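Features of the protein shown, as given by TrEMBL:
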ACT_SITE  Cys80  active site
ACT_SITE  Cys80  active site, proton donor
ACT_SITE  Cys228  active site, proton acceptor
BINDING   Asn14, Asn71, Gly81, Asn82, Asn168, Asn201, Glu219, Arg220, Gly229, Thr230  substrate binding site
Amino acid sequence: MNNIIFEKYHGNGNDFIIIDSRNSNIYKKFLSDKKIDIKNLCDRQFGIGGDGVIFILEPDRNNYAKMIIYNSDGSEAQMCGNGIRCLVQYLHNFNKGSYSVSEYRIETKAGIKIAQYNNGEITVKMGKPILETKSIPTKIDTKINSIPSCLFKEKNFEQQGYAVGMGNPHLIFFLQDITKISLSLLGPVFEKHELFPEKTNVHFSQIINRDNINVRVWERGAGATLACGTGACAVHVAAYKLGLCNSKTVINLPGGNLIINWSRSEDEILMTGNAKKVFSGTYILK
Ligand SMILES: N[C@@H](CCC[C@H](N)C(=O)O)C(=O)O
């Protein structure tokens, strides 16, 4: 096989190359053959370009499909909030004309996520937030309002940081003005911080009012991105637990808004947003 058939989707500007591997051996080939290189596929000059690659597989159990997600640096992630909306929009487009599905049960490395599709609006049950340090994972050993938290001092930046797990790790800061920081300077430092043994996604957040939070994102394995769905959930959880916001917030990201709904520790977080197909194509393997 010399070519890869793909489609390109984005959720709030967080963009993914989708490879439907349900009826082909492309994923097996990717695992066994070094020819298919995620970094090359995601390269914005020499490849297709993307923040990551999503493989759609047949589910292991009685669910709709399985999602495997890789960051643009080639590392595998457990879960992706914008990516799962892209995958659901892809499945909806794929089914169009034959039958319609309103609920998709998707297997991910962070468990089964259930997505409701309603006229282009997708609501995903993102699971319960993880606040137990070993499971995030983080080496932070102090907590504020049940969130692992400590003071971070790096490069003239001194702020209390909060760790929340969404299947993948997140470090959240609340600042007076997020436009003032250098994302490219601080992002990589915190992504690889020693308190996060598997690295972390980093979010610089600003509470606008109890219903609106602005966020700038530095993603583990992808760098500065226009949005992060799991991150939006993590920011909401930290803000809510600190008493800074209501149970439903609009998270304003550089690439657009997500609505996050959560208040009770026993409940799953609901993330609502959309996803768009940008193009489809064939990647030539050399
Ligand atoms: N963009 C994603 C998260 C993708 C994975 C992340 N970079 C990680 O390594 O954990 C989202 O929308 O959640």
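Including glycine, each Cβ sits where the backbone N, Cα and C put it.
TrEMBL: automatically predicted annotations, no manual curation.
Shown on the structure are the features that TrEMBL records.
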residue	record	Cβ neighbours (10 Å)
Asn14	substrate binding site	30
Cys80	active site	30
Gly81	substrate binding site	29
Asn168	substrate binding site	26
Glu219	substrate binding site	29
Cys228	active site, proton acceptor	34
Gly229	substrate binding site	28
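The substrate-binding residues named in the record, Asn14, Asn71, Gly81, Asn82, Asn168, Asn201, Glu219, Arg220, Gly229, Thr230, extend over a maximum Cα to Cα distance of 16 Å. Cβ atoms within 8 Å of the centroid of the Cβ atoms of Asn14, Asn71, Gly81, Asn82, Asn168, Asn201, Glu219, Arg220, Gly229, Thr230 (the substrate site) belong to the same-chain residues Ala77, Met79, Cys80, Gly83, Val217, Ala222, Thr225, Cys228, Gly231, site residues excluded. Relative to the residue listed as 'active site', the recorded positions with Cα atoms inside 10 Å are Asn168, Cys228, Gly229, the candidates having been Asn168, Glu219, Cys228, Gly229. Listed binding-site residues near the residue listed as 'active site, proton acceptor': Gly81, Glu219 (candidates Gly81, Asn168, Glu219; Cα-Cα distance within 10 Å). Secondary structure at Asn14 (substrate binding site), taken from DSSP and collapsed to helix, strand or coil, is strand.
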